[in-house]
């Protein structure tokens, strides 16, 4: 971004500084501790803090102007020539500024939502698109009503394709984000169990995810999971492309093969073979969403193949790490739901090169009243190709107890703490061992991984 101060003045009332100020704004920021150059500071009022209390710190770190809630007093010591733009609400001002900047840059907008796989799909689309376009994608997990506008305002003015991840906790949130971004393409990766506690059912979760179409341009395209029965009501609509393993999908995944380094696959009756350097059948589906978007944008299959091969994922998504004693650790511990945990276990079982497969499984949160039943359901997905399951935490033990109840042939170890799990896991690590780590974010299983990985 490189915009004159006047670009922002029009969204409020300038009460400090000069209206003909010629200075340029090079970035937007909300964290007063962040060091910037020529930044516009937007103080956000949160539940436990108020950014208005830190304006002077923001100025010392590079702010050259600021939005300001008009019901707040200006701080003593504010320089007389420092531009203050009064607005009704700084959060709304942030969103309106992003909307205005987006309409000025005019990139193709790809919006992504889903219970699992949003970030992986975002990374895959980005890797393919950047082969032929100037592109920008959601930074980290900046996927809510504050993070998404900040992402938009961080793209360069030559951006041709903007890839936005859209998250939610309640109905209406994705609808708002979609109407702000006005996507050309909407991707629904899947419908899982995340947010069951807030929404109550998978049907309500699907309703929330389908809100991504609320702001879709009139000629926009929806790309979605064709194997998900809950999404069938929109599967046959105009400009909807379904992807999956079922023969009824518009884009059918075929001829899957692979090893610990990645997977090969083809689509429909095509001869073109794609290679994905990621584990998991679910990640092939995420890659197919990216391929469909890339083809819609006119990207050649040669560049698609190149983009897939060079994909770099955000950490803790089936991330391969060298463990002690030449073991392989699979860090899939960023977050978890029953469906994503089952997918992770399926990925583990396909690593036939390893004779000793271990799954370290922990608590899954926000599953609502049926949380025990949903944890127990994971046990049904664990077959004879896994030798040991280490269950960590109060809820994680429900998985192990279900395995014991069904008299599963492998070894089940129940651990209250990660330290306990470490003492059981370390003796199992050999060159024949691969270990999957999967749990909700709050479990922070990466701290256990750090204990058993190579330095």
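Every residue gets a Cβ built from N, Cα and C, even glycine.
Whatever TrEMBL says is automated annotation, not expert-curated.
Quick look at what TrEMBL annotates:
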type: DOMAIN; residues: 25-97; note: domain 'Mur ligase N-terminal catalytic'
type: DOMAIN; residues: 112-294; note: domain 'Mur ligase central'
type: BINDING; residues: 114, 115, 116, 117, 118, 119, 120; note: ATP binding site
type: DOMAIN; residues: 316-441; note: domain 'Mur ligase C-terminal'
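Here the features listed in TrEMBL are painted onto the structure.
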residue: 114; record: ATP binding site; CB count, 10 Å: 27
residue: 115; record: ATP binding site; CB count, 10 Å: 24
residue: 116; record: ATP binding site; CB count, 10 Å: 24
residue: 117; record: ATP binding site; CB count, 10 Å: 26
residue: 118; record: ATP binding site; CB count, 10 Å: 23
residue: 119; record: ATP binding site; CB count, 10 Å: 26
residue: 120; record: ATP binding site; CB count, 10 Å: 26
Predicted model, mean pLDDT over the domain 'Mur ligase N-terminal catalytic' (25-97): 95
Residues flanking the ATP site, with Cβ no more than 8 Å from the Cβ centroid of 114, 115, 116, 117, 118, 119, 120 and excluding those residues themselves: 112, 121, 189, 190, 286, 340
DSSP-derived helix, strand and coil totals, residue by residue, for the domain 'Mur ligase N-terminal catalytic' (25-97): 18 helix, 20 strand, 35 coil
Assigned conformation of residue 115 (ATP binding site) - DSSP reduced to three states: coil
DSSP state at residue 120 (ATP binding site), helix/strand/coil: helix
